[in-house]
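Listed in TrEMBL for this protein:
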ACT_SITE  Cys3  active site, nucleophile
ACT_SITE  Lys614  active site, for Fru-6P isomerization activity
DOMAIN    3-226  domain 'Glutamine amidotransferase type-2'
DOMAIN    295-434  domain 'SIS'
DOMAIN    468-609  domain 'SIS'
Amino acid sequence: MVCGIIGITSSEDVLDKPLGVSLKEALKKLEYRGYDSVGFALIDKAGRLVVRKSKGMIDAVAAKVGFELFDGYTGIGHTRWATHGPPSDVNSHPHTDCSGKIAVAHNGIIENYMELKEALIDEGHTFISETDTEVIPHLIEEFEKKGFKPYEAFKKAVELLRGAYAIVAIDVNDPRKVFFARNTSPLVLGFGVKANFVASDAVAFLNFTRRVLALRDGEVGYITPEEVVVERLEFREGRPVWVAVDFTSRVKNIDWTVEMASKGGFKHFMLKEIHEQPYALASTIASAAESVDKLAKILTRVDRVLLAGAGTSYHAAYVAALLLRKYAGLWALPVVSSEAQWWLSTVKEGDVVLGISQSGETIDTLKAVREAKKRGALTVAVSNVIDSAIPRESDIAIYTKAGPEIGVAATKTFTTQVTLLGYLSLRTGVLNGFLSESEASEAFKSLRELPNLVRHAINTYEAKMASLAVEMKDRPNAYFLGRGLGLPLSMEGALKLKEIAYIHAEAYPAGESKHGPIALVEEGFPTIFTIVTADEGELIKSNVEEMRARGSLTIAVFPKNLEDIARLVKTPIKMPVVKDVAASALYIVPHQLLAYYTSVKKGLDPDKPRNLAKTVTVF
Ligand code: G6P
């Protein structure tokens, strides 16, 4: 996911080239992940810590800092994709402590970094970046000051971190070790000869070794050229104890090509990104608590909210408008960005306009934000790319933490947008008193469970959607029907199928389908229903009946306790019963998989659909 990490420890000169060069080559292999800054830290042969880093692409940064000039036996490298603080030299990783002896690179989000930072500042530590990561080297330094040895200090620091992370660290006080820790963000070890590796993706070290161990959540340890130690924290008689993990049976030989590995073993970026959703959601939820509160407070005082977006982001705006109405009692309206000007004409001071855009660059959405600003509304960007145009021009920016999305069809950015905005709706409802404590706590709980539910849904439905795709691939048309939250999800499902499988797919409010669309329905015409709540299910039953009576191939994605729906449709996709705020993200997963596999079964390239661009900067 976000950012690329490499750590190398070697003895003698087994790498055959300066360590700086090996780190650079490994970082090049991680380039596909998307990044805006590059850096490395190594302990040179004189035992000094060297750190070089800069905003920019690897080749440009290499020309500036000269990776080849630096050699040693222990080092770490990082490609950063900004999440806390804009891309800049100082925000690039690795980050160091006050003494300049410890360097840390990190992928993910430290949820509680603000409180840790404040405590460290009180202890006299000085911070120079805006990142959450910088607390880690200072924490290690603090524990070393208290008498802990470097590895013990590293573990002590990790014990204090909350959030999603993959971390590597080096320390001149223990110069042969690279420390590591994983929670949610991916991290793998590579076992070489007189050299060991740790990276966010095995592709980084495949030219040295193919013996790999995928670390699990909660595992912490270190590598030296000869030794690999993995531990996990367990509670014995109520006390936390670090215990050794026996990982021998988990070490695997992988036979990936570099090309396969650069997509993490997935055939396409889109499939990889569908599978990354649990991480993307966990990171977004981890950072939401801190990022949306200021906005939620503002929303308690406003009259009207307008949400503008294009394509998938419009569908997220639609879901969010319904959630803001339901959970915070707000008057909220979703608009397609390119149509926004006709709705913005009555917007004024006291209103809030959200520009929703994963890239932060879509010109229609930017224009809507500019127009809203001119009319005196408060403007809010909801983006996945820090410091992009829409966040830069808006009064407030909040971010999804999906990591770079390379496939043209948006997947993980949609589910994270819906989740972030769902979180915002709940917080606003709590603050303005619209939402009861008990309902709020149940809804927040469902969001915390969402990453696991999504992981489970992917595992459960991938094969089923691949076989349904065989039925879909030769059909020229499909209807996607829904009511309430099921409607924007239907629109998103139809868009996915249209974009990458080139099937004419139309979404309609289910109740509206009898006013025209049904004229086309005959034997075998696919109608795909999406039902998020029991209320929607109750109302939609008659629409399913109408389609069934005409021989339609009926498919439904719905909560599994709606037995009537299960009985009525030909292909039931039974989903976990979960609060609508979480279901709005969860129930799109089967649609993503169906579109993906239909595209693949038609022999198309889902990553590069014809005529479409990832970011549209023309009107
Ligand atoms: C293009 C992409 C879509 C995307 C839309 C809005 O049409 O192909 O996948 O949903 O732009 O992009 P944004 O970056 O503003 O979310």
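Each residue, glycine too, has its Cβ placed from N, Cα and C.
Predicted, not measured: the structure shown is a model, and the values here were computed from it.
Listed active-site residues: Cys3, Lys614; maximum Cβ neighbour count within 10 Å falls on Cys3.
The residue listed as 'active site, nucleophile' sits 20 Å from the residue listed as 'active site, for Fru-6P isomerization activity', taking the C-alpha atoms as the reference points. Residues in the domain 'SIS' (468-609) partition by DSSP class (helix H, G, I; strand E, B; coil) as 70 helix, 29 strand, 43 coil. Mean pLDDT of the predicted structure over the domain 'Glutamine amidotransferase type-2' (3-226): 93.
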